[in-house]
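Below is one structure; the comments refer to it alone.
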Amino acid sequence: MDLLRSHLHKVRIPEPTNRIHKDECCVSFDTPRSDGGLYVDMNSFLGFGREHVEWNFEKTGNPVYLHIVQRRKPEPDEADRPLKKPTLLAIGVEGGFDDREPEYDVTYEIIILPDFISLPFPSVDLPEKVRLAVDKVILAESADRKQQLAAWVADKKNISAYAMDLQQLDNGVTVPPTGWKCSKCDKTENLWLNLTDGMILCGRKLWDGSGGNNHAIEHYEQTKYPLAVKLGTITADLEAADVFSYPEDDSVEDPLLAQHLSHFGIDFSSLQKTEMTTAERELDANTNYDWNRIQESGKDAELLFGPGYTGLANLGNSCYMASIMQVMFSTHPFILRYFEKQSLKAAFATAPADPTLDLNMQMTKLGHGLLSGKYSAPTKEGQEGIRPRMFKSVIAANHSEFSSMRQQDALDFFLHLIDRVEQANPGNHELNPCSGFKFIIEERVQCPSGKVSYNKRSDYILSLSIPLHEATNKEQLEAFNEKKAAMDLDGKELSNEEIVRPRVPLEACLASFSGPEEIPDFYSTALNSKTTATKTAGFNTFPDYLVLHMRKFVMEAGWVPKKLDVYIDVPDTIDISHMRSKGVQPGEELLPGGASGDNKAEPGPVASEDIVSQLASMGFNYLHCQKAAINTSNTGVEEAMNWLLSHMDDPDINDPISKDSRASEQSVDEASVQTLISFGFPEDVAIKALKASGGNIEKATDWIFSNPEASSSASADSSTSNVNADDAIPDGSGRYKLMAFVSHMGTSTHCGHYVAHVLKDGRWAIFNDSKIAASVDLPKDMGYLYFFQRISD
């Protein structure tokens, strides 16, 4: 007790703003439930496992710790208790997904290092400051709990800006209580009542082709009548009714809904619910997808344990992150960087005061957690896995989507991970494990004059369109379509086993990338006019790891988005040596003055050709695609598409991206420029970034990191490049073997589920969150992202 009193100056009473890490060690995945329990530093409030707490004492000299130990209580037999189907898009709340955990007995004691002297808690003999500090730590909400809320509920609906002054026509329309049907087709489900004129019309066509025929939204586009309510969701509980605002493009609240319904003779008090709301439909979709094949459900699979076979527990829609990280930590650069050549102690020694906020520390922690085998222990459910909460918090910091509990696109996360790791290892090629994924694409553009221009750009993924006309099973498809049409006429449905999907060889997808592509409205400096040019592309370098992204989301006629239901025949090895670019050839004449025709002017924001080509392949106007990419700072295809769909009617949408139009955006806030300069960015790059991101400093910073080429000026001739000469970009053979793939189940990349399959120790394993098993029926043809490793010469 005297020793404790001598250390009272090292004990702090936590303030409400302090982050208290009492759920997990900051350098490992030890918890109060681990064998040694958890030690909370009573000065910094960081948590440490038994093996690591001495490192903290050596580094900080902080001697006083709260030791927390949790031991599992015996469970009552719940085997016969039926599982309730969730009725709410939430985790851990009444009606939501069940996240009940076993109950634990908790014990506390005070520990004084370095000799691990123990004092009981609670105890009246303890100094008052210690008692008060420990009580506050125990009662405080932990940092993990604050950052990763266990309950995720869909965002609360806002009151519509159109509800209070809604126009309602006196057109004599009376809506009957039953027997509804779309006014423009035969749909009797997913019907929406327009609250201005009383028209009953069907809803949008969904990603999977279900839903309505878009008649309700077409009616809004013609009339601009803003609000509609979904018939079948109206009951005495009006708050549960599904009201949608077309101009606000969101589900909303209508405080005057009772009045608006009565205008059309609707007595809501007597109506019964017959349809799911939008949120309920989303919930139902997320719980009822037929994911059996990709997850290898029902297969008698051998569960795998040990080093490299540690699961990642789902934190709530975090499977996109788990699948990517399992693949990344199966590659040699990530294994070397964060496991074999980086010890936990060394990472902690070089980490800042709060290692929970250090990406290098948390990547090392995750690498050791996955690869050491320490946490890959069998349980009756399979394995518990590790919960990468601190890693998710760090990697998603300041990112509005990845820091949320919503499902995300695994491709977007992969690119975000690359960006963050590169930022954490600036200019240090040996410490950057992402350099092995980087490659250079060379694009060749030829105009009708015969003159050419060359441009090089670096990338980390090769995004491939899927040419359905190259399907190898066309006869079976024709027979299937005839059978389906006949069954549709009879009102019958096909079973899953009867469905025939197109089979497209991966070689055809690769050929579609390297094949010639027309560029409309290309301004030729040789002809001094717009024309149609031809573009081809090839690899200037081949990466150590080649990542292929399959573009399964396309636009159908009428701008209806659809996910392709297609199989990709992917071989175990590929050779893309023939896709290497050749550069400027003898006898070729370069376009004068560059492709733009005005190299002397300061270049404005440049559209990502990858984003533009993906949008153009969906049928959008090429110029509109360029504007969409520029106005969304080249952040991604989906962001650009959303911008494009909401700006189709802009009066200047068809204006060229000219020097004059850029001049109108010339003015940027000088204070913002100086802020970016203070971050260490050059002034010209800061100005470019602010123009590209509408003056927003945070987006401008992201733009700079996403466009490393912005810091190097473009070449003055027609062979331009955005590749930094100092980049350490690997090159070698174009022969690769498939080492992993990530598959997606669901109708959108932002819902559904992701799993990874990885080739390890000579066999394929499935990584499905915390479940890891030997693959029995490898669904290699259903991948979304394919990872290939170079075959050594």
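Just so it is clear, glycine is given a Cβ too, placed from its N, Cα and C backbone atoms.
The active site, nucleophile annotation in TrEMBL covers C319. If you look up TrEMBL, you'll see H753 marked as active site, proton acceptor. Feature annotation from TrEMBL assigns Zn(2+) binding site to C182, C185, C202, H215. Here TrEMBL flags 158-268 as domain 'UBP-type'. Annotation comment: TrEMBL describes 310-791 as domain 'USP'. Per TrEMBL, the feature domain 'UBA' maps to 606-647, 667-707. As annotated by TrEMBL, region 'Disordered' applies to 581-606.
Taking the features listed in TrEMBL, we show where each one sits on the structure.
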residue : record                   : Cβ contacts under 8 Å, 6 or more apart
C182    : Zn(2+) binding site      : T188, L191, I200, L201, C202, G212, N213, H215
C185    : Zn(2+) binding site      : C202, N213, H215
C319    : active site, nucleophile : Q407, H753, Y754, V755, D769
C-beta crowding around H753 (active site, proton acceptor), within 10 angstroms: 21
The domain 'UBA' (606-647), counted residue by residue under DSSP: helix, strand, coil: 29 helix, 0 strand, 13 coil
Other residues, Cβ within 8 Å of C182, C185, C202, H215 Cβ centroid (Zn(2+) site): S183, K184, D186, K187, L191, L201, G212, N213, A216
Cβ neighbour count (within 10 Å, all chains shown) around C202 (Zn(2+) binding site): 25
Predicted model, mean pLDDT over the domain 'USP' (310-791): 81
